[in-house]
Amino acid sequence: MFSFVFIMPLVIYVLHLGPKPSIVTAAALILAGNWVRYIGCRAGARFGLVMFGQILTGLAQPFVLAAPTRYSDLWFTNRGRVGATALTTLANPFGAALGQLIVPFWVNAPGDIPSMVLWVSLISTVSALPSFFIPAAPPTPVAPSAVTPKLGLGASARILFGQVEFWLLFVPFAVYVGFFNSVSSLINQIMEPHGYSDEEAGIAGALLIVVGLVTSAVTSPIIDRTKAFLPAIRIAAPLIALSYLVFIWMPTTRDAAGVAGPYVVLSVLGAASFSMVPVVIEYLVELTHPISPEVTSTIAWSGGQLLGGIFIVISGALKAGSGAAPPYDMHKALVFTAVVAMAVLPLPLCLGLFGRADKLRLRRVRSDELALARSRETV
């Protein structure tokens, strides 16, 4: 997560050249990282070499995770951009979920790890190689905004950081993505002190992702057609904050209600979180056009990754000791999560208020409509 922030300036620069260079960079890092890691496993378990490969694969993520808005801007009209961004963005956690589900079946003893790394390397190679052959751009522009000259990086930064609407979206997005990363990473440590098995905690984590993916698959096409970005955010943000608040007490319901409490709350959290992610990053592009999409998306994702790493460290520090009841309880970490999540909730709800409704115009959609109207008048 911290490596994402470290490499953010380079990601923005490469994406400014186009989505293909960024996707190819990610593919090259994935290929190199996996095979370096495999060599390290086979060469007498050389930790330094294995970790170097791990770092390379970690550096690949920003180049592909920040690319969807740039790719959808180039390849899709305003009737398909949210869906395209959702599909490509949420492929990342879907792949992570598959890895967590499948990889443990390949490892029953330490001696199985090199074979597991080999299989992962082979699958990664098959997945990465097609990236080198994707077209750099469509044969003809799909929409006028796709070829609209974008502002330079310096001008973009000056405008962006002075825009109130950007901060009202960026801060809660970064906080909620950060907490999602934190909770999904620590779900086992949150639930096991209260008597949940590894399998039950694993199912809870899977529900968090799978329910979210399914919900986003339903909501994204609706947003594409209706352009109801603001209502979607005003529904999702309170659900996310309230889910973190209610989840404080869910791990303790094991004896009274079994697994139902955590499963239901995490399902709601996943549905709201995954629905909001593509909406926010596409809405940022709409509100800041003609700032290039990679600037807003990379900054937004970097904030989420940075806070995710920080929240994991803080949650670990708040973890109870062996003398607590129950031992190693993470109740304080859940309280911290809920307090911060509720504190940032008013920010997205203030969008368009206090005489700033005119600042919520969908600039990119409007530019496409105006260009189309002019072309019809010319004909």
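Every residue gets a Cβ built from N, Cα and C, even glycine.
The model shown is predicted, which means the values in this text are computed figures rather than measured ones.
According to TrEMBL, the features are:
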| type | residues | note |
| --- | --- | --- |
| TRANSMEM | 6-31 | transmembrane segment |
| TRANSMEM | 43-64 | transmembrane segment |
| TRANSMEM | 84-107 | transmembrane segment |
| TRANSMEM | 116-137 | transmembrane segment |
| TRANSMEM | 157-180 | transmembrane segment |
| TRANSMEM | 201-223 | transmembrane segment |
| TRANSMEM | 229-250 | transmembrane segment |
| TRANSMEM | 262-281 | transmembrane segment |
| TRANSMEM | 333-354 | transmembrane segment |
Original post:
Where, among 43-64, 157-180, 201-223, 262-281, 333-354, do we find the most CB pairs under 8 A to the transmembrane segment (229-250)?
Top reply: 262-281
Subject >> Contact ranking winner - 6-31, 84-107, 116-137, 201-223, 333-354 against the transmembrane segment (262-281), Cβ under 8 Å >> reply: 201-223
Subject >> Stretch among 6-31, 157-180, 201-223 sharing the most Cβ pairs under 8 Å with the transmembrane segment (116-137) >> reply: 6-31
Subject >> Selection from 43-64, 84-107, 157-180, the stretch that has most Cβ pairs under 8 A to the transmembrane segment (201-223) >> reply: 84-107
Subject >> Same-chain residues near the transmembrane segment (157-180), Cβ under 8 Å, at least 6 residues beyond its ends >> reply: 151, 233, 237, 240, 244, 269, 273, 276-277, 280-281, 283-284, 287-288, 291, 295-296, 299-301, 303-308, 310-311, 337, 340-341, 344-345, 347-348, 350-351, 356, 359-360
